[in-house]
Structure formats: structure tokens, C-alpha cells
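If you check Swiss-Prot, you get these features:
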type	residues	note
ACT_SITE	LYS119	active site, N6-AMP-lysine intermediate
BINDING	ASP35, ALA36, GLU37, TYR38, ASP39, SER84, LEU85, GLU117, ARG140, GLU177, LYS294, LYS318	NAD(+) binding site
BINDING	CYS412, CYS415, CYS442, CYS448	Zn(2+) binding site
DOMAIN	703-784	domain 'BRCT'
Amino acid sequence: MTDAQTAAERIARLRSEIDEHNYRYYVLDAPSVPDAEYDRLFNELKALEAEHPELVTPESPTQRVGGEALAAFGQVRHELPMLSLGNAFAEEDLLDFDRNVCKGLDRGIEVVEYSCEPKLDGLAVSLLYEDGQLVRGATRGDGSTGEDITANVRTVRNIPLRLHGQGWPAVLEVRGEIYMPRAGFEALNARAIENGGKTFANPRNAAAGSLRQLDPKITAGRPLEFCGYGIGRFEGAEVPQTHTSLLETLRRWGLPISRELQLARSVQDCLAYYRAIGERRQGLAYDIDGVVFKVNRLDWQRELGFRARTPHWAIAYKFPAQEELTELLGVEFQVGRTGAITPVARLKPVQVAGVTVSNASLHNMDEVARLGVMIGDTVIVRRAGDVIPQIMQVVGERRPADARPVEVPRQCPVCGSAVERTQLVKRGKGRASLSEGAIYRCVGRLACQAQLKQAIVHFVSRRAMDIDGLGERIVEQLVDTGLVKSPADLYILTFEQLVVLDGFAEVSSNNLLAAIAASRRPSLARFIYALGIPDVGEETAKRLARALGSLTRIEKALPEVLIWLPDVGLEVAHEIHSFFRDEHNLTVIGQLLARGVELQEEGELHAEFAACASLGELLDKLDIPGIAATGAKKLAEAAGSLEAVIGLSQDWLTLNTTKGLSEKARQALREFFAVPANVEHARAIEGQLREFGMHWESERRCAEGLPLAGQTWVLTGTLESMSREQGKARLESLGAKVAGSVSAKTACVVAGPGAGSKLAKAGELGVKVLDEEAFLALLRQLES
């Protein structure tokens, strides 16, 4: 045997031994050798690899020192979004969560088992293993897109570069938290002070800052640890049936999980766990800011599903935020994207939960009045959720004699325009009343540089038009120099205008122009979100685009039509309608389209939306006093058409014999339709329903005309030709409902590579199964 062969065998044995010792130390918390012996083995391996560099492999324990520095982090698209959790701040919140879980399962279930884990205060990450090898690490980012931090996560000592044991799937995505233990944090800050460097405010900031170092050698020198709490992709093996058994399986594969993991048999056990760990919180080796409870059965998790950004089956019960006393030195007013004038408290700096707090949100003037706060007061400040500083109350007995009231400026502090108090319109049962709102607003709109800057920052953000490289500093320059006076002006910027700006050169100017050009083809949903319509977030924009299908329909839609969308209430509907009635907004939209913005993914009205209108619902949405949903339905059945209802309202004899209506309702119906404006408005709504294809007379044709109408389909595994979302959208466009679990009512399951329990369930129930090739063939046939 040659020296190289002998060295290769010894290196392999050393790596195996060291990996086993790491597993016992970091995962089992049961080291089997003294530190000196571990160091001897590690140093022997380093020496052998130095002698035989051709035998060095990326998964070797010696390779955690970090490689070459990066110029920037790449982006990683999460195939399965990394969602955030809903929060509970009181026992009643947790009890409500438990009640909603039981109700959502809809089986008469009264007691649910939950997994319990401390909520670590670190940075959420995704670790991707292929064939047992760590191939990628990524931050959570916005939940859909994160940053590639593979080089940095490889330096974290307790993250296995290769999975332990056997039986792991071909593709395994582990999700968890990278954090810095308190002892390591204190040692890191002590070294920084010793070397005259900058210290970190708390372990969370230290962990986040360490992971975002472009030089992985710096990260390698930081005392970081990982704790797994769940999975994303899991392909090529059967997923365990419960969350706790899943975590134990991850532990067997060498991935650290919380040593505080427990199973609660009921919500009362959850409360007991929360109280117990809260009492031990300060004695833990790491910072936690609450407890995470998850429905333990994974099939129940799938059945309960998700909201837009949070699961129905998990919740984070936060610990009370830490509070301190300080002095209110003054109040400044900031101007937001919509012109809202927001009071911000300037405080005498104070340490709260390890962070120096000098500012706090006062939200609005109603909050100022509720607190009764005056400048000069001693106040209790806390970091709500351990993040956002808030003033909780005034210590009245410490109020100084020269305390001054907080007054709203009459002119905008930025542009000098008038400041007006918003008027709230309360609508209901055919009436509208005005009252003063809590918000004061600058009337300057885009003539106000503060509003313009914030509007453009929102317009170019990642979830909106996604113009890379156009940050707040550059937006400020563009606005301050007068180059940009509306979002549409971005699309007529020239190289000559950019290259003379501070911080710009030839390359950066060309890069920005290229990024602007690349944003010219946004999806309809992104464009709607980018416009910054008040109260229209990303999810509402997606619903508008998916349901109405075109900008023209969205612009024309009446509030009473918009409220047919799920989760769009009347107030939001009126905000949308008002936005598109505003001539200035229409001018900006027109300029954007004229300057080359081409909307993608526009199409027909979605079948699901087209099938939701009825005469009874229309009458109910008119808010006729005295006529609720049941009465509206009976009235619709009796009359049969809107014109018949209008006629009936004036036909006293026939109206008196109409069943299901009280005398009060009959009188209200007569009075409502006696007003010409009400008749005109009702006809306008019906006309728009006809125009959009939502009218009850066209409802049946819309539904029956779709080949998969009434069918429930399930997608499982990985589709190679499209994403799962694209597959879902194509099925829904054909009338199908796409569900997350298989039942006897499922019409068909589309199974790609890595399909697991859903495919097995389909086999048990005799549900039809299509592979991707057959699925594509069916789509081509039905879509042609």
C-alpha cells in the first residue's frame, strides 16, 4: 500500500471519528472524549491534509475556517415559502388559537396535541442537503427570496456538512435558527472592547451581522450555533407522521434540535410549558423571546393550511417585552408615503432589552391623547415584541411644572403644505356618516418630497417593480435634483442625467438603467401593489389581479363589486375605487404605460370570481335598512330580477303580500328605491356585473363552460416543467379547486418525483393519479 493510500484511509477514519464526536457533542450533548483528545484528532487531520492537499474535500471538518471573500450575496428563491408565525401576547390569544385549530379540523375534536419549543432569538435559515451533503444555506429574506450564505453556514460548528446515519431523503431542506449563545456573545464583545472595536447591542444582532459577512473567515471566528425546527423540501423518503418525531429524526441525522422540545397533550399543557420556561428564561444559555406551539400531527397541519403569510397550525407566544423609565424630550412629526403625519417620540436614551432606545412610535394623535403624554413627562417605554419601542404610559406623579402639550403642526414639516385631519366615512344600511379620524395628512401629495420619496421607494421595492440598486439614498438624490417627480419619471432617466450624480459612474449608471428596463414587464399584481393604493398590500393586490384579470376592470370596479373578493371589506373597496377616480393617479398610470411599462399576466375574469354573484347578494350589498342577507335572498326569489325588485318597491299591494319581509323592511325598501340616485346606483352595479361576466344570469354558463368545474385536484412532488404555483394556476383557470390534502372527494392527484404520503393516500382511496407527462398532455388538450 502506498503512502497516499495509507494517508487516505487514515484521513477517512479521522473524519469519521471527528464527525461522530461532533454529533455526540452538539446533538446528543454527551461528549465521549475529553477536549484534548478531540483537539489531537483534529490537529492530526489538519496535518495529514496539509501533506496531501489533493485529499481535501469540502465536507472535511477542517474546512469550516471559511473560503474566499465574496463580492456580494446571491439570491435564493425558496421553492416553499419560509413563512412567519402569528403571535400571541396573552393566554386568551393562545386559547383562541386552540379553539380555531379545533374548529378548523371540523371533526368535533376538543383536545389537540402540540409540540412546544423555545423561540430562539436569532436568524432564520434554510439548509439544503442533497444525497446527504450540505449544498446550500440561505437566509429567510422576505419569505420568498433569501440570500445565499452557504460559505458562511459551512463555518457553523454544529451544522453537519454531511448527514449522520442513514435513511435520509435524496433532497432534505432543514429550517432553523442560527443564534449566538450568551457566553459567546459576551466573549465576542470583550474581545472587541480589548481591540478598540465596535460592540454588538445583543446576541441577535451579533448573529445576524456574523452571518452577513462577505468574508466567511470572519463568520468562522464567531461563536454561532444552529437549532433545527422544521423542514421545507423532503423528497425521496416518507415524512414522519408528527412534528416531534420529525425533529427526532433530524436529530438522528446529526442536526441539532432544541433540548427543550416537549409534547403537550392539551392547550393547558402548553400554558404550563410557557410558564415553566419563562421562569427559567434567564438561566438558559441563549436568548429566547417566546415559545412556539405547533399542531403535532403533520396531516392536521396540512389540513389546516395557511393564511397569506402565516400558518393556521402554529403560533408564537411571546414573552412580555422589557420596560424601562425615561424622559420624553420632544416630539417630531414624520411624513409617510400616503401623507400621514406621524408623531415620533424623542427620548432620553435608555437601555431596553440590551438595546439603546432614543425614539419611540406614538402612532397617531389619538394615541397621544389616550396616553395623555406631554413633553417633559417621565414615561414607561418598552420594546413591543422585543423589537419596536413603544411608550406604554405616563408616570403622572413625575410630571414637571413646565411640561408642554404635543401639538400637530398646521403646515407639513417637509413641504409646508396644509395639514388636514382625515374624515372617516362610516357606511351601513344605505347611510354614510362622517367623523374625525386619528390621522393627520399633508395635502401636498407628490409635490411633497417626503411623500414622493416614500412612494418611489415603495414603487421600486422587491415585491413591487423590483428595481435592483435603487435604494433610499439614490431615490433621495433623484428627487432632490428634480429628475424624478413621479414614479413614471424613472422610465425616462438617461445615462447623462445619472452619471453626474454623487456616487455614480459609467458602470453604476448603466446598471441602474438596465434594472429599470428589466422592470418594464411586471405582473399585474406587482404593478397594482407598486401603485401604493392605501390599505392594499401585496396579498390584496394578488387577489385583485387574479380575480379581475385586467387593469381596466380593476380601474372601473365599483366598491360593491370589489367586495365580492375574499377578504376585501367595504372600506378597502372604497379606497381602491377612490384611488382610480383620482385624476392625478390616472395621469401617473397613463404615463407609466406610455413610457413602456407592459403588464403581464392579464387575462379574463377568473372563473371562481365569475361564479360568485347572485341577485340576493347584490341586494344585500346595497345595505338597504332593515333587509339583511336572509331577507335579501327571499326578496330576490320573489322578484327574480333587479328591475322587478325596483318595481315591487313601488307596488304597495304586491309588496304587502311578499313573504319573509317585515313591515319595517317593506317601508325601508320603498324609501330606498324612491331615491333616484339609489336606483341609478343599483343599476350601475348590475350593469358592471353583466359587463364583467359576473351576473347571475351568466354564472351558470361560466361554471359549466370550464372543463374541470366542480373537481378537486391535488399536486404533490416536484414538477419539472413548471412550479407548483404555475400548475395550480393552470388548473384553477380550467375551473378546478386545488387542495393541499387527498380525500375521497379528490378527482385527481398529479404526482411528480418525490411524491410521498399524498400519493400513498391516493392509492389507498383509489383516486386517479397522473404523472407529469400525462398532466401536460391533459392541459394541452383542455387549454386548446
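Numbering starts at 1 and runs along the chain as displayed.
Here the Cβ of each residue, glycine as well, is placed from N, Cα and C on the backbone.
Mapped onto this structure are the features recorded in Swiss-Prot.
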| residue | record | Cβ contacts under 8 Å, 6 or more apart |
| --- | --- | --- |
| GLU37 | NAD(+) binding site | none |
| LEU85 | NAD(+) binding site | VAL292, THR310, PRO311, ALA314, ILE315, ALA316 |
| LYS119 | active site, N6-AMP-lysine intermediate | ILE288, ASP289, GLY290, VAL291, VAL292, ALA316, LYS318 |
| ARG140 | NAD(+) binding site | MET82, LEU123, ALA124, VAL125, SER126, GLY146 |
| LYS294 | NAD(+) binding site | TYR114, SER115, GLU117, HIS243, GLN301, TRP313, ALA314 |
| CYS412 | Zn(2+) binding site | VAL335, ILE341, ALA418, VAL419, CYS442, GLY444, CYS448, ALA450 |
| CYS415 | Zn(2+) binding site | CYS442, GLY444, ALA447, CYS448, GLN449, ALA450 |
Cβ packing number for CYS442 (Zn(2+) binding site), 10 Å threshold: 27
For the Zn(2+) site built from CYS412, CYS415, CYS442, CYS448, further residues of that chain with CB within 8 A of the site's CB center: VAL335, GLY339, GLN411, PRO413, VAL414, GLY416, SER417, VAL419, VAL443, GLY444, ALA447, GLN449, ALA450, GLN451
Arithmetic mean of per-residue pLDDT over the domain 'BRCT' (703-784): 83
GLU37 (NAD(+) binding site): secondary structure state under DSSP, collapsed to three categories: helix
DSSP residue counts for the domain 'BRCT' (703-784), split into helix, strand and coil: 33 helix, 15 strand, 34 coil
DSSP three-state assignment (helix, strand or coil) for CYS415 (Zn(2+) binding site): coil
